[in-house]
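Copied from Swiss-Prot, the annotated features are:
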{"type": "MOD_RES", "residues": "Ser64", "note": "phosphoserine"}
{"type": "CROSSLNK", "residues": "Lys129", "note": "SUMO cross-link"}
{"type": "MOTIF", "residues": "171-199", "note": "motif 'Q motif'"}
{"type": "DOMAIN", "residues": "202-377", "note": "domain 'Helicase ATP-binding'"}
{"type": "BINDING", "residues": "Ala215, Gln216, Thr217, Gly218, Ser219, Gly220, Lys221, Thr222", "note": "ATP binding site"}
{"type": "MOTIF", "residues": "325-328", "note": "motif 'DEAD box'"}
{"type": "COMPBIAS", "residues": "717-729", "note": "compositional bias 'Pro residues'"}
Amino acid sequence: MPTGFVAPILCVLLPSPTREAATVASATGDSASERESAAPAAAPTAEAPPPSVVTRPEPQALPSPAIRAPLPDLYPFGTMRGGGFGDRDRDRDRGGFGARGGGGLPPKKFGNPGERLRKKKWDLSELPKFEKNFYVEHPEVARLTPYEVDELRRKKEITVRGGDVCPKPVFAFHHANFPQYVMDVLMDQHFTEPTPIQCQGFPLALSGRDMVGIAQTGSGKTLAYLLPAIVHINHQPYLERGDGPICLVLAPTRELAQQVQQVADDYGKCSRLKSTCIYGGAPKGPQIRDLERGVEICIATPGRLIDFLESGKTNLRRCTYLVLDEADRMLDMGFEPQIRKIVDQIRPDRQTLMWSATWPKEVRQLAEDFLRDYTQINVGNLELSANHNILQIVDVCMESEKDHKLIQLMEEIMAEKENKTIIFVETKRRCDDLTRRMRRDGWPAMCIHGDKSQPERDWVLNEFRSGKAPILIATDVASRGLDVEDVKFVINYDYPNSSEDYVHRIGRTARSTNKGTAYTFFTPGNLKQARELIKVLEEANQAINPKLMQLVDHRGGGGGGGGRSRYRTTSSANNPNLMYQDECDRRLRGVKDGGRRDSASYRDRSETDRAGYANGSGYGSPNSAFGAQAGQYTYGQGTYGAAAYGTSSYTAQEYGAGTYGASSTTSTGRSSQSSSQQFSGIGRSGQQPQPLMSQQFAQPPGATNMIGYMGQTAYQYPPPPPPPPPSRK
């Protein structure tokens, strides 16, 4: 090429340093002196001096033009990006395989998150005053006597500790004197009365008091702090340009933060309150734009909020209402240093509300450091407790038996009309492997864990909520904060490392006042957690698997295999453990012992039969035969055998009138035993059989058996057929 063409080509290819620096400076709002210092950085040469450091009242990171912005990820569902769970993957938006000029060095990071944030020295005399007590006691509440207050708290299992004088609890939403637009949304969502944590939490939060709320999962804690926050914000001056949020909610995971933001949007839009949700794993641009426009409510995970505070994208000067949601979970995830850095940026006379499901010493220490003269509200037992609306079934098995038992259990669950199920596993690899195996066998399963990109996690949760994929396999990233109302089953494929995680896992079902069932596979390798699990079961009045008791008594000797015969040699009358054991065996033994399941997999059925199977309408069409011979085990006909089974000694009449009792057809077309006959072989003659599971709380009026009260029908399918007669030679 002639040399005369080199210079023009270079002029075209090389961008002007001054223009690029001016573009960056105008986007970041830098001054002229800063643009001059940033100009050499756009096209560095060997002689160029290093950029000068500009001193600001607030530290602000200057973006380097040499580092290119990442392209959008074109394949968000096919790549594994980032590491860790929750918010720890907040640095995913740096250049990687999807960025231009791949292989470039990532931007320089400081050693610890929040290292550049300095603790502010507050002078309360110079800070503007603000009001935080807006509670006006309703006349109906004011007329309550001390005795009636104590009875109301006892009935709702509310315990109040600390503080000078605690307001009386409310027992209706209008007692809290919320604005009419808030009451309208409550009525639209068909809320009739506040939950126990809301009964005492509303008066405390509206009074401007610091408080700690300890309650089980799904107890309505989100509304307990968001509705008072709306009242608090509406009594503050309007935001001005450059102001940060008035209400800050810290949450441990992205999923919980998004759910809180959805609730805040539902209740705040009528009063034109703006809210935003900032979390890692998502693009920073939209989140920064929301903060720059001004939001009254900010729901954030600690890591991403630290990033924005360090870079000067937001500030907490106007924050007067601080909420720490799932405080115990944030400490478990190692966010305590970030939380302390964030709280140091907020004025000390703020109102602080801390919410947790457990009360370990780490959470107590955090409350002592952040809260002033606080009142503690406990709903239920202060000890670790599970939701009493959850039926807990523990199956003691070996590690190698889990897959087989899981498939048998899923065959039973998928026959239910409401069959949304969450399966919890311990590791990300097992989560992917189990999902791959189940999908290969035709199960509509999807998975979620910390290595999934945020778009994929959102997509999976939407598919799960809509019912298109009723099986969700997850790690502990979803064990807290995931709020899906109609989850009916939770399966602990792997038992968690602590009883606290167990309680939060099974708490994904039976949200609010619903019922649910939790299955747990417990292996001898989980022996260290056995005693704590038994305490949780006893506190919830659940029957305890005798294998689990034997595992504790014998320190895991034999894996619980020998205890079976020991318990079965005793009388089965009035033995709740035996009835529990029989029910677990009947549910989980499957085809091998002649159970209620056919050998065909969910994926092997035709579209018509599969739809009927998923809708709980039986096994395919009403006239389809179940077994090798037509009419042998005909479902949907009202009896368990239209023809004789085997020889003449096993006739249909003898079977219907024998030990198994007569059967009746339910509305769904499935055959089930009546409650008076299902235990005909258990108990003493002339004595009313005990309800299955022997739950020790009051049975509702009109209920004929307790298992129906706990969310399951007594027997959804007919009993197994009798064994064939011995062959005669």
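Yeah, the Cβs are placed from backbone N, Cα and C, and that goes for glycine too.
Surrounding the centroid of the Cβ atoms of Ala215, Gln216, Thr217, Gly218, Ser219, Gly220, Lys221, Thr222, where the record places ATP, the chain contributes additional residues within 8 Å, namely Thr195, Ile197, Ala357. Taken residue by residue, the motif 'Q motif' (171-199) breaks down under DSSP into 17 helix, 0 strand, 12 coil. A distance of 34 Å separates the Cα atom of Ser219 (ATP binding site) from that of the residue listed as 'SUMO cross-link'.
The Cβ neighbour count for Lys221 (ATP binding site), using a 10 Å radius and every protein chain shown, is 26. Nearest by CA distance to the residue listed as 'SUMO cross-link', out of the binding-site residues Thr217, Gly218, Gly220, Lys221, is Lys221.
Cβ crowding, taken as the number of other Cβ atoms within 10 Å, peaks at Gln216 among the recorded positions Lys129, Gln216, Thr222. Same-chain residues at least 6 positions away in sequence with a Cβ under 8 Å from that of Gly218 (ATP binding site) are, in sequence order, Asn387, Asp483, Gly507, Ala510, Arg511, Ser512. For Ala215 (ATP binding site), the count of additional Cβ atoms within 10 Å of its Cβ stands at 24 [all protein chains shown]. Counting only residues at least six positions away in the same chain, the Cβ atoms of Pro194, Thr195, Ile197, Gln198, Ser512 sit under 8 Å from the Cβ of Gly220 (ATP binding site).
In the three-state DSSP scheme, the residue listed as 'SUMO cross-link' is classed as coil.
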